[in-house]
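Swiss-Prot has this to say about the protein:
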type	residues	note
BINDING	ASP44, ASP83, GLU114	Mg(2+) binding site
BINDING	ASP44, SER45, ASP83, LYS112	3-methyl-2-oxobutanoate binding site
ACT_SITE	GLU181	active site, proton acceptor
Amino acid sequence: MRKTITDIQQMKVRGEPIAMLTAYDATIAALFDAAGVPMLLVGDSLGDNVLGFSSTVPVTIEDMVRHTAAVARGAQSALIVADMPFLTYATLEMAVAAARRLMQEGGAQAVKLEGGQAMVPIVRRLVECGVPVMGHLGYTPQSVHLFGKARVQGRSAAAARRMIEDALALEAAGAFALVLELVPAQLAAAITERLRIPTIGIGAGPHCDGQVQVFTDILGLRDDFKPRHTRRFAELAPLIRSAVAAYVAAVGERSFPTAEHSSRMDEAELREALEGLS
């Protein structure tokens with residue numbers, strides 16, 4: 001049975017840490033589902049982790065619908081949250097239209113959007129329409145061109161106070177959970193203590209109710225990128241390169257495929273098929 005937002009919120013009540021991972025396709029989603037990940041994020045991070053872009057900004061609603069649908073087909077138990085991509089929730093009407101596609105066509109159970117108090121009317125309207133919404137504060141990747149680069153947010157007293165107020169406003173608007181990205185650990189703890197809804201941290205210290213990571217980071221699939229806030233639980237890049245190199249070599253020396261990898265037909269049938277052919 002698929003997890004619900006109530007299940008996720010009850011994990012906070014019980015003090016049970018919430019593990020969340022990104023997923024972008026059915027195969028990976030099925031693996032993570034079988035491993036017991038309770039919540040999967042179809043992130044617009046697919047832009048710089050799958051599609052080859054340098055940021056999340058170029059990701060479209062069509063991209064998100066397609067990848068969300070793939071994840072929904074692969075995962076049978078995890079709650080699936082889909083990112084609303086850049087400028088798809090600039091107005092109430094746009095937000096409702098984008099959320100409808102992600103849920104009806106993509107099969108998501110919830111959507112995630114970035115921003116603080118300015119997003120309150122959007123969150124409230126989506127919740128009124130029956131759309132569970134996850135908020136996102138701190139560093140917001142869709143605003144990369146404003147930030148210049150990924151950097152910790154909320155270090156000053158004024159910025160920290162503003163983030164606390166944003167978090168409370170999003171909760172009051174109906175958000176069921178809140179991502180805190182690149183936030184000082186003490187501030188993330190203070191926000192977590194003040195909210196009834198779960199906080200999900202990424203680069204926000206150990207005191208959030210849960211953690212989310214980009215799966216390519218924790219599995220070591222990219223040699224060129226190792227953010228401080230992640231831990232590599234595996235180093236798959238060299239294993240994959242070695243396996244693929246072995247495949248290329250086996251094909252090159254004709255040691256693969258062999259008879260055990262092949263099928264055969266009756267010789268009489270083959271002779272009949274070839275009869276009269278040059």
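Placement of Cβ uses the backbone N, Cα and C atoms for every residue, glycine included.
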Rounded to the nearest angstrom, how far is the Cα of GLU114 (Mg(2+) binding site) from the Cα of SER45 (3-methyl-2-oxobutanoate binding site)?
13
On the three-state reduction of DSSP, what should I expect for GLU181 (active site, proton acceptor)?
strand
Around GLU114 (Mg(2+) binding site), how many other CB atoms lie within 10 A of its CB?
22
Cα of ASP83 (Mg(2+) binding site) to Cα of the residue listed as 'active site, proton acceptor': how many Å, rounded?
14
Would you mind ranking the recorded positions ASP44, ASP83, GLU181 by how many other Cβ atoms sit within 10 Å of each Cβ and giving me the lowest?
GLU181
Taking each of the binding-site residues SER45, LYS112 in turn and counting other Cβ atoms within 10 Å of its Cβ, which one has the fewest?
SER45
Between ASP44 (Mg(2+) binding site) and LYS112 (3-methyl-2-oxobutanoate binding site): CA-CA distance (Å):
10
Reported as an integer number of Å, what is the Cα distance between the residue listed as 'active site, proton acceptor' and GLU114 (Mg(2+) binding site)?
10
Using the CB centroid of ASP44, SER45, ASP83, LYS112 as the 3-methyl-2-oxobutanoate site centre, which other residues of the same chain sit with their CB within 8 A?
THR22, LEU41, VAL42, GLY43, LEU46, THR56, VAL59, MET64, ALA82, MET84, PRO85, PRO141
LYS112 (3-methyl-2-oxobutanoate binding site) - helix vs strand vs coil (DSSP):
strand
